[in-house]
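Engineer: According to TrEMBL, the protein carries these features:
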BINDING   Cys46, Cys54  [4Fe-4S] cluster 1 binding site
BINDING   Cys55, Cys58, Cys63, Cys76  [4Fe-4S] cluster 2 binding site
DOMAIN    128-188  domain 'Caspase family p10'
BINDING   His267, Cys303, Cys341, Cys452, Cys481, Cys522  [Ni-4Fe-4S] cluster binding site
Amino acid sequence: MAMRNGCEGCSDIIKCGSSKDVLAAKPAQNVITAYDRVQRRGMSACLFGSGGTCCRNCNMGPCQIIDGIEDMLGICGVSADTVAARNFARIVAAGSASHTDHAREMVKGFIETAKGHGPHQIKDVEKLKSLAAVFDVATEDREINEIALEVGEKALAEFGKQDDEPLSMTKRATAKRQALWKKLNIFPRGVDREVVEMMHRTHMGVDQDYENIMLQASRCALSDGWGSSMLSTELTDIMFGTPVPRRSIVDLGVLKPDQVNIAVHGHEPLLAESLCIAAQDPEMVELAKKQGAKGINLAGVCCTGNEILMRRGIPVAAGFVQQEIAIATGALEAMVVDVQCTMESLAQVANGFHTDIITTNYRAKMPGGVHIQFDEHEALNSAKQILTHAIKNFKKRGECFIPEEKKLDVVVGFSHETINYMLGGRFRASYRPLNDNIINGRIRGIGVMVGCDNFRLADDTHELIARHLIKNNVLVLATGCAATSLGRAGLVNPEAARFCGDSLAEICETVGMPPVLHMGSCVDNSRILVAATQIVKEGGLGEDITDLPAIGTAPLWMSEKAVAIGQYFVASGAQVVFQDLPVSGAKKFNKYLLEGLMGPLGAHWNVESDPQKLAELMVAKIDAKREALGINKKSERVLFDMAMRRDLTGGVPGAGCHGPA
Ligand code: NFS
């Protein structure tokens, strides 16, 4: 199929077959997408913006700073390093704030659920009790909802803690990491406080020492990772169920020609879960049938998609870069959005179709969108109102094109508990077999692929990196739109074991797991902090996350949230490599992020723009950690005998992927 005229130049960055097919089809001929804007704008980034040296923090400027040129300091004398550090720290603060505001909504929804209001229940009682222990909430002889209410109230208090008491969940970190945070005075305190302090310290005339600014950036990011994001993941799991492995499908082919297609886009799963419940209501299904549809098909976009994919197996239609293209199929009756990562162009694209963009949150409205406020106190009624609006659009559907053959099977649902159970076996959940396989080299290390996709590099970048990793026996953990992209590439699937090196292939085949484990949405990166800490505590791989043969990447990062995640990984001791960072215009600060942070934190940022080199760097960094641990022997191909299979599956070969009994 030929690419339509408007996007001929995009063929370098659109590799994905479903995107190409939709853009080439008739319904999309008048659609303008971000790909077109990339071509038209030429993507010539502003030198000062991309280098991080444009200062807009007061009204003497804006000042464009050129490093090393005395006349090009800011009016106040500010250096390129201070400006780049302040800008970088503000990115971390904005990213943390986004996770925090999301988490607060989840905590409030959790409290409502604990009070017995709304359609949700406490689904994972075991996880509730383990979180209760973290918050010193008594569980004996108490009703589940009573425990949940106290946990919820203590969780809510984490946001506004005003004293220097650390966030409760930081006690899960390794002893060594906690001691380091204490020594550096960066133990995260109240989550809101850390963001506010970051914004204050980067105001004109406050903190002018980039090393000191980065201490607070670390503290702020830690309050996200070990505070907001972790709270959100934990409470969401308790309410909606901790994910277990399940099959589903991804890509634009999940849309259905004969059903009402409703895309659920955004981040906070309270809305998405309510829509899932409402979509099963016979009254709603009947309404859809009255309009001539065979049923209601919900399809996820971005991280809301990942949330309902992980817990319910609802298909994911698109990641970030495909959100406009999902509308350009002409097959969506509505795209329901809440907060974050929804492009303003959605309503512009929808304008040419019968599709409505339904905004649902007072914090996020959009010109051209239809606003139906989601009321968490009346969750089911709100959800039905939204669905009713969408269903009534079905009759208005015009010409559409769904690339029906473009849908890939995925096996998802790898929470930290599942990995623990799956590799530890049915009778002794533990990370021991995983640690042993890392120590004996069958698993060379762990590559964490997270974050967004964007329009700078080709949309097969994640695939290219992941293929290199798994071929080199590196197990990949993935979240966010990176995980969606890898799903589209067919790698989130046990059959992808054939692309792995011999020893990883054998483990995947024995356990029945994909070489890329989908761990959820971006807030679920907190699962990776917990898993990494558990691996350390299991023994044999050092005393802290910094010792592990593991490295994280968000190669196509787009959102400020990705930088906050990167910084909390680094401040937790994990190595991180991004495709670029907006600090290159400040020599000393750039060097500090790429090397200097190693001193205080034992980890630092890396930057590599070429995807192949980035993948090679990840393997090299993993090998360096193996060397330091004294385990960098070449792994031999070992054929698994029955005893080894039993070790991995708790006595049931091939049973690993069926989830806890
Ligand atoms: Ni993460 Fe998820 Fe996607 Fe990036 Fe946006 S949806 S929270 S920020 S673009 S991965």
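Backbone N, Cα and C atoms are what each Cβ position is placed from, and that goes for glycine too.
What TrEMBL says about a protein is an automatic prediction, not a curated fact.
Neighbours and distances for these, please.
Structural biologist: In the three-state DSSP reading, Cys46 ([4Fe-4S] cluster 1 binding site) counts as coil.
Secondary structure from DSSP puts Cys58 ([4Fe-4S] cluster 2 binding site) in coil. For Cys58 ([4Fe-4S] cluster 2 binding site), applying a Cβ distance below 8 Å and a minimum sequence separation of six or more within one chain yields Cys76, Met204.
Taken together, the residues in the domain 'Caspase family p10' (128-188) have a mean pLDDT of 96 on the 0 to 100 scale.
Cβ environment of Cys452 ([Ni-4Fe-4S] cluster binding site): Gly319, Phe320, Cys341, Gly480, Cys481, Ala482, Ala554, Leu556, Trp557, Met558, Ser559, Ala562 lie under 8 Å away, each six or more residues apart in the same chain.
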Engineer: Taking the binding-site residues Cys63, Cys303, Cys341, Cys481, which residues show a Cβ-atom distance to ligand 1 below 6 Å?
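Structural biologist: Cys303, Cys341, Cys481, by Cβ distance under 6 Å.
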Engineer: Show, in sequence order, which residues other than Cys55, Cys58, Cys63, Cys76 on the same chain lie with their Cβ within 8 Å of the centre of the Cβ atoms of the [4Fe-4S] cluster 2 site.
Structural biologist: Arg56, Asn57, Met60, Gly61, Pro62, Gly74, Ile75, Val78, Val83, Met204
Engineer: Can you give me the residues near the recorded [Ni-4Fe-4S] cluster site, meaning same chain, not His267, Cys303, Cys341, Cys452, Cys481, Cys522 themselves, Cβ no more than 8 Å from the center of the site's Cβ atoms?
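Structural biologist: The surrounding set, listed in chain order, is Cys302, Asn306, Phe320, Gln340, Gly451, Gly480, Ser521, Ser559, Lys561.
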Engineer: Any idea what the Cα distance is from Cys55 ([4Fe-4S] cluster 2 binding site) over to Cys46 ([4Fe-4S] cluster 1 binding site), rounded to a whole Å?
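Structural biologist: Rounded to a whole number, the Cα-Cα distance is 13 Å.
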Engineer: Select the most exposed residue of Cys46, Cys76, Cys303, Cys481, where exposure means the fewest other Cβ atoms within 10 Å, treating these as the binding-site residues.
Structural biologist: Cys46
Engineer: Going by DSSP assignments with H, G and I as helix and E and B as strand, what are the residue counts for the domain 'Caspase family p10' (128-188)?
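Structural biologist: Summed over the domain 'Caspase family p10' (128-188), the classes give 39 helix, 0 strand, 22 coil.
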Engineer: Using CB atoms and a 10 A radius, I'd like the single residue among the binding-site residues Cys54, Cys63, Cys522 with the highest neighbour count.
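Structural biologist: That would be Cys522, with the highest Cβ count within 10 Å.
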